[in-house]
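Taken from Swiss-Prot, the feature domain 'Response regulatory' covers 6-120. Here Swiss-Prot flags 183-375 as domain 'CheB-type methylesterase'. According to Swiss-Prot, the feature active site maps to SER195, HIS221, ASP317.
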Amino acid sequence: METKISVLIIEYFAVKRKLISDLINSSPKLQVIATASNSKFATNKLKKHKPEVILMNLEENNIKDILFLEEKNSLNKTIPIVVTSSNQNLINIAASKGADDLILVSKNKKSHEIKKEQIINSLLAYGSISIKNKIACNKDMKTKNYERANFILNHKNDISSLNQLEEHAKEKTLNEKEIKKLKLRKFDIIAIGVSAGGPVALKSILPEIPESFPPIIIVQHMPKGFTEEFAKNLNNLCKISVKETTNNEILKQGYAYISSGGYHTKIKKIDGNYQIKTLDGKHINGHKPSIGVLFQSIAEIAKDKAIAIIMTGMGNDGSREIGDIKKAGGLTIAQDKESSMVFGMPKIAIKENNIDYIVPLSHMVKLLKAILINS
């Protein structure tokens, strides 16, 4: 018999806890193993039951439970959490605190029933990832990989490799000579594509980026209405300015632009300046905004003046299009398996030989500084 994905539910009202539990248990692949009325009880049950995925319904009556997102990270960073709420502001806050998926529901009694398919699909996706992570987890190997990566990036005179952590990719080398060659190049723009696990990953790297960096355009898979607040929250953490994309805006050094939810983002070049072009239209690779759309535009317009980075995420959005940037002469980087919450998009990009360098999240900015900052 197939093992079911275990779910912990956090919901303030007992009646609604029962409704949500019944909804989840209606799936033959899911099983509610524990419920909690607040974050205090949830913390205890998390330790006891060790679920594969958590569903939190966040509303104004339990707003303090937002702190559970931070508490959960200190207890077990590998357990994904899906947040539902009828409050847009709370959804935005949850995104900034590292929720893995966000589902806006209505305020009526059947709010979760209406979004049943989306909720179940999200729990199945993240629960499956959690199970795979448990199986693959080897703390000794992980420690060795990070120690090796740390040695590589902190010993410039003896850089023999920037890591090959995926069996299908060729080992990438970056020595002093190659760094010097990269330093001679002029990079005008950095493009980042990220999905599941992105809010936490971006919160980790963006505060390290100096104002001297070229403009950064980021596609984080988020629906319409979420990205403005997400950008504001990141802006409060960073030296650079972080904002949501605006159509026809000129890209500036020291800025990061979060692609507006519900729209695709491209770039164009007018009078020597890169400008943002926001577009409506159908979903591409299952997403709007699509990483693939941005990367194709970067390949066509910025060409060898671009650095493209593909990070944690499910699926293949951007995985093939980043190869267009490589073919155009741009520099391509992928987040490694060990530091990716979901090693989907980077894995496919690596398999298809679309990546120049593979690095841990904790060393991403160190690599960029080595290339972009003259010393």
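Any Cβ shown, glycine's included, is placed from N, Cα and C.
Quick caveat, the model's predicted, so the values are computed rather than measured.
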Integer Cα-Cα distance in angstrom, SER195 (active site) to HIS221 (active site):
5
Largest tally of Cβ atoms lying within 10 Å of a Cβ, found at which of the active-site residues SER195, HIS221, ASP317:
ASP317
Pop the Cα-Cα gap between HIS221 (active site) and ASP317 (active site) into the table, whole Å please.
10
